[in-house]
Amino acid sequence: MLRNCAEAHPKKERERLTWRDEATGFSGHRRSSSPSEPIAPPRRKRRSESRSISSAKAKCSPPPPAKCRLANSANAAAAAASRESLTQQQQQQQQRKGCQSGGDESKSKSSEKTSRDKTEDRMIERTIKLAQRCVRLREKLIIGLAALAILFTILLVMDLQLDLGYSGHHLLPSHGRVKMSEDPERDTVYNNFRRKFLQRPNASRELASGSENNNNNNNNNNNNETPGAASPQLLVETSTKSSQPPHDAFEDLQKLLLNADDSRMDDFSVIKSEVLEDVEENPSVAELKHLKPGKNTTLLDKFHMQIRKRELYSKGSRVVEDLLEFMASQPIVHASEKSGGTQLKLVMDYPNKMQALFKPMRFPREQQTLPNHFYFTDYERHNAEIAAFHLDRLLDFRRCMPVTGRTLNMTTEIYQVTDSDILKTFFVSPAGNLCFHGKCTYYCDTSHAICGSPKDQLEGSFAAFLPDKSVVPRKVWRHPWRRSYHKRLKAQWETDSDYCNMVRELHPYNEGRRLLDLIDMSVFDFLTGNMDRHHYETFKLFGNETFTLHLDNGRGFGKPFHDEISCLSPLLQCCMIRESTLRTLLRYHNGPIRLSSAMRESMARDPVAPILWEPHLTALDRRIPIILQAVRDCINRGKLAKDEKNELGEPNNTETSE
């Protein structure tokens with residue numbers, strides 16, 4: 001049987017395809033596609049395969065001769081089993097290759113997925129950046145459009161405010177305009193003023209035109225103002241040669257004041273008379289504080305004790321004259337710089353612990369306000385403080401602290417008795433004069449130093465101090481007609497025609513004397529030309545029914561040839577004035593003594609007289625009829641308004657209010 005089995009295959013083929021394991025005795029077939037292919041040992045068979053092979057081996061073992069056919073069939077079965085096993089091996093190899101290829105495919109798929117994710121992330125990143133850029137661009141566009149809208153609005157407002165019920169004169173400063181009505185043809189107080197005063201050449205322009213006539217023989221140019229200082233002799237000569245308007249006695253106002261019938265108050269609401277309280281209702285500081293003069297009481301303490309509810313000092317007070325003489329003559333033991341304020345001021349101490357406020361002289365009396373200076377950057381003048389005190393006393397207000405002039409020796413009365421801080425600012429100028437500048441907000445540097453003339457002689461004003469706040473506290477009020485203190489912005493009263501009606505509804509202007517006091521202050525500021533009135537003070541001790549203090553007048557008397565109508569805004573807008581103030585103005589306008597003469601006589605007793613430049617005194621007489629004309633126009637307008645109401649059938653006792 002073995003011979004038959006061997007004969008089934010050639011010898012070489014059988015040797016090539018047959019493999020026998022010497023260790024285990026296992027033999028099997030090999031599959032090769034080509035004779036040259038090296039034969040590798042086959043993988044270990046499974047148990048089922050080994051069993052089939054062993055069974056086949058057993059069958060191929062030499063059977064008994066009787067059973068040769070059965071052996072042939074067994075060989076065939078073994079060959080079939082081997083083929084089946086080979087097929088299974090091939091399937092397993094294919095499965096392994098499939099698994100390997102599947103792993104490679106999964107790896108490739110994962111790598112493809114990762115690359116796709118990265119691409120998507122990049123796209124999302126780019127989209128976010130683009131969205132952020134769009135948002136920023138939109139914000140910039142919105143800001144640009146908003147800025148353009150604001151600029152357009154500002155330009156539109158500026159264009160609308162060029163000439164709509166303001167002064168009507170393009171050369172009038174914007175901060176000095178007063179808007180009274182939108183209709184220029186409407187009969188209002190301010191429009192009457194514009195036609196009668198603002199559109200005609202005032203005395204300053206007449207003086208300027210007179211000087212030009214002497215130089216150029218031109219009689220038609222009457223609208224130019226004279227900037228800077230001018231020659232006093234030339235101005236006096238031209239003022240006498242220039243044509244003066246006829247004197248208006250304002251007899252209509254005098255008749256109204258002479259009429260003792262109270263029914264006159266039904267015809268107009270401009271002149272306000274006050275029922276003066278008894279002396280018992282006008283207490284002093286000494287009475288309310290229970291103070292009595294002692295051995296160490298100074299003149300300033302006596303002055304403080306006699307301050308009353310309606311006035312700083314009584315008419316003809318001897319204490320005021322003694323105080324002025326004391327400040328002008330007593331030696332100075334110490335000098336220190338006063339803190340606060342915009343310009344240099346010194347606190348002077350006397351031997352008896354009395355103090356005074358010193359404002360030094362910066363330039364001569366003939367120096368006018370620089371034409372390019374705003375009111376809030378103007379220099380303070382020592383002579384303006386002195387003149388304001390005398391004017392306040394002549395107008396019977398008595399609301400200014402006593403002020404006097406004095407000439408100091410800078411070496412002995414400032415340098416030798418001052419603090420170390422001011423000592424650092426002393427120097428000698430190229431002209432050989434002793435100078436110093438101190439420390440303050442404005443004009444405290446070497447280029448604006450205060451120098452002696454000649455050498456170390458320095459003129460200045462000495463003002464008495466108010467009572468200490470711990471003894472007589474004061475309240476600071478914001479002035480309703482305060483200016484904007486800005487180069488371009490305007491205050492509300494400069495654009496609102498009904499501003500006074502709003503002020504009248506506010507406390508303390510809705511009752512009592514406060515609004516009339518502010519109108520008195522506006523008359524006072526108009527006469528001095530002071531535009532720097534931003535706050536005012538009152539004594540808390542007397543409540544709200546007390547007077548307003550007239551402080552900080554150093555920026556007055558700077559423009560003798562210009563009348564600042566905007567200072568009269570409270571009078572023009574509220575159309576009311578105190579009866580006693582109107583009587584005083586009429587007395588100086590028509591009486592034998594003009595206001596300029598009274599001022600000249602009052603200031604002649606000052607140690608540094610003359611105090612004012614002569615054109616400033618002339619300006620006082622020129623400005624009084626402007627105030628009286630404002631009162632006249634208010635009265636006439638009030639009568640017209642009442643007649644219109646009577647025609648409409650309203651009661652006659654209704655009071656006209658502006």
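Every residue gets a Cβ built from N, Cα and C, even glycine.
TrEMBL entries are annotated by machine, without manual review.
Source: prediction; values computed, not measured.
According to TrEMBL, the residue from ASP396, ASP520, ASP552 that belongs to the ATP site alongside GLN343, LYS359, GLU380, ALA463, ALA464, PHE465, LEU466, GLU537 is ASP552. Tertiary proximity for the transmembrane segment (141-158), restricted to same-chain residues at least six positions away from its ends with a CB under 8 Å from its CB atoms, involves no residues. The 10 Å shell around the Cβ of ASP532 (active site) contains 17 further Cβ atoms across the protein chains shown. Only ASP552, from the binding-site residues GLN343, ALA464, LEU466, ASP552, place their Cα within 10 Å of the Cα belonging to ASP532 (active site). Residue annotation for ATP gives GLN343, LYS359, GLU380, ALA463, ALA464, PHE465, LEU466, GLU537, ASP552. The furthest Cα pair among them is separated by 21 Å. Contacts of ASP552 (ATP binding site) defined by a Cβ separation under 8 A and a same-chain sequence distance of 6+ are given as ASP532, in order along the sequence. Under the three-state DSSP scheme, ALA464 (ATP binding site) falls in the strand class. Residues within less than 8 Å, Cβ to Cβ, of ALA464 (ATP binding site) and separated from it by at least 6 positions along the same chain comprise LEU300, PHE303, LEU323, MET327, ALA356, LEU357, MET401, PRO402, VAL403. Remark: GLN343 (ATP binding site) has LYS359, TYR379, GLU380, CYS440, THR441, TYR442, TYR443, CYS444, GLY554 as non-local neighbours, by Cβ distance under 8 Å and separation of at least 6 in sequence.
Within the same chain, the residues at least 6 positions away from LEU466 (ATP binding site) whose Cβ sits under 8 Å from its Cβ are HIS304, MET401, VAL472, ARG474, LEU549, listed in sequence order.
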